[in-house]
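Here the structure is laid out as structure tokens; the discussion comes afterwards.
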Amino acid sequence: MSGSGQPDTSGSAIKNTRRSTVNRLSAENVTLAYDQRVIAEQLSVEIPDSSFTVIVGPNACGKSTLLRALSRMLKPAEGRVLLDGQVIQSMPAKKVARTLGLLPQSSVAPDGITVADLVGRGRYPHQGILRQWSAADERVVQESMAQTGVAELADRYVDELSGGQRQRVWIAMALAQQTPLLLLDEPTTYLDIQHQIDVLDLCAELHETQGRTLVAVLHDLNHAARYATHLIALRGGRVIAEGAPNDIVTADLVEEVFGLRCQVIDDPETGTPLVVPAARKARLTAAS
Amino acid sequence: MKTNRVIRTPGGLSLGLDVRAVTVVVLLLLVALAAGVVLIGTGDFPISAGDVVKTLLGNGNAGQEFIVNELRLPRVLVGLLVGASLGLGGALFQAVTRNPLGSPDVLGLGQGATAGALVMIVLFSGNAAQVTVGALVGGLVTGLAIYLLAWKRGVHGYRLVLVGIGVSAIVTAINGYLLTVSDIVDAARAVVWMTGSLNGRDWDQVWPLLGLCAVLLPLVLANARGLRMMEMGDDVSNALGVRVERVRALLMVAAVLLTATATAAAGPVSFVALTAPQLARRLTRSPGPNLLPSLCMGAALLVTADWASQRAFGADQLPVGVVTGVLGGVYLLWLLVTERRAGRI
């Protein structure tokens, strides 16, 4: 111990921990496990402030698990998740919920609930027994519905909506929480291509115009490369690479992370990396 | 069709009111009380509703006063409180398990309380008070067993229902065994107890029920907002800042206490806990646990059923549990048919 109170004397030993930057959300040497099944060991991740961070990786690489840990749905077996310098588990639940929002994969719209009512439930962390529905709540709900383009659906029942509309409503609920950080677990799953782009455009807009920090788990590498400002590539519970998509997405990286031979070309629309898997024959000859 | 009203004061106080739900609560309360008054007037010495109210307010003659205040009022109060406890307990269970089948009847709490009561009747030939304590302990132990068996990184709705059905089957078998080894007098007493009845209930049953409701109701209502969020799944409610596991454990304990005490007081009156929340929900047409409407619906249902059983078959002929069983069974069938038609099962 150096006696300075700063436990960074071992900084040289842990090469992935950068303590110089102070970001609002980070995981430090976390071991993530469900019961005895260990998903990730000694994993350290920083979410850069005001970034649109996307976590990618093959199935079962631990990306959703990492997101669950970052949003305190899963308590790390070892290590800690820090939010604004505090261990996230030790903070009051409602205080965390005013700072960090989560759109999980599994959410149930209660029977017979209207869009406005569901979005209104996002105000829960700002409310109390004596402060149940303030004028500010009303205003924020209207704004959230307007931003996500569901304002005209306000009085419709959620069960009547299409999948794309429903996802927008859930995003509106998370927005109504008014958190500077917003985590999204596979927000485009089960949507057709048009609605996938629609949801990602919405995320990009929230990131750009409101300066919110967004963290999303995405399956589609090309979507990730196009929309992310910061990419984290996971495999087997370890960070293989992280950084701006233009800097890190290469054919070698894709092969290392996904085990897929491919070419990486410039996306003709945006100039971001575009992953084109190698033809089946080419992959077969390479393997033999 | 928005029926929400908001009351705001300059001090920053704001209360949300669902006008329709409030109306339903008031109407059901009136129905329950009116049925109570009619029930007090029903029996071998019929008393008109006006006289009942007069006597309750302290202006009746001596004969009426004895019949009303000593004989019939406690029975009706037990009925109201048991119905209210079962309605609220059922609403809590169904909300926590997110399943209309997650009611104390299906989970085996009634059977657990019955087992406790049977042990006292058959093995110890206990008196009425001992039987009540036995039922209470039986219900609490069963509730605890279900919760512990269903625990695996938190309690999940479906697992709770399935474990409850399993426990219910085991306890039913134990009850059957206890009945077969009992002698004929005990068996007859046990069977009457097992049907659920309000006969011969007096002030001794009123006070514990009233005390428990007075303690638990504010506690439950204070957590109702968290419970409402939990409808959307554990992840969403956690993300919104609800301490899901704590709220769930607290409300489960409250629901088990309510159900066990009600069962100890009146026997396992079937189907009130299952039907009251569903009926209340159809009246309020509002998502959410509908706790107060379910409570009032339970009270109204039970007292009305007790009145019907006395009216149709004469005083003390038919235990109230038979009526609620028939009504609840019909309702369950109707629910299954309409849900199937709607393509939900």
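Using N, Cα and C of the backbone, Cβ positions are placed for all residues, glycine too.
Heads up, TrEMBL stuff is auto-annotated, nobody curated it.
As written in TrEMBL, here are the features:
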- B:21-41: transmembrane segment (TRANSMEM)
- B:76-94: transmembrane segment (TRANSMEM)
- B:106-125: transmembrane segment (TRANSMEM)
- B:131-150: transmembrane segment (TRANSMEM)
- B:162-185: transmembrane segment (TRANSMEM)
- B:205-222: transmembrane segment (TRANSMEM)
- B:249-271: transmembrane segment (TRANSMEM)
- B:320-337: transmembrane segment (TRANSMEM)
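Sequence-distant contacts of the transmembrane segment (B:205-222), counting only residues of its own chain at least 6 positions beyond either end whose CB sits under 8 Å from a CB of the stretch, comprise 74, 77-78, 81-82, 84-85, 88, 92, 132, 250-251, 254, 257-258, 261-262, 265-266, 291-292, 295. Sequence-distant contacts of the transmembrane segment (B:76-94), counting only residues of its own chain at least 6 positions beyond either end whose CB sits under 8 Å from a CB of the stretch, comprise 32, 36, 39-40, 100, 102-104, 107, 198, 201, 205-206, 209-210, 212-213, 217, 220, 227, 251-252, 254-256, 258-259, 261-262, 265-266, 269, 272-274, 276-278, 280, 289-291, 294-303, 306, 320. Between the transmembrane segment (B:131-150) and the transmembrane segment (B:249-271) there are at least 3 Cβ pairs closer than 8 Å, counting only pairs 6 or more residues apart in sequence, which means the two stretches are in contact.
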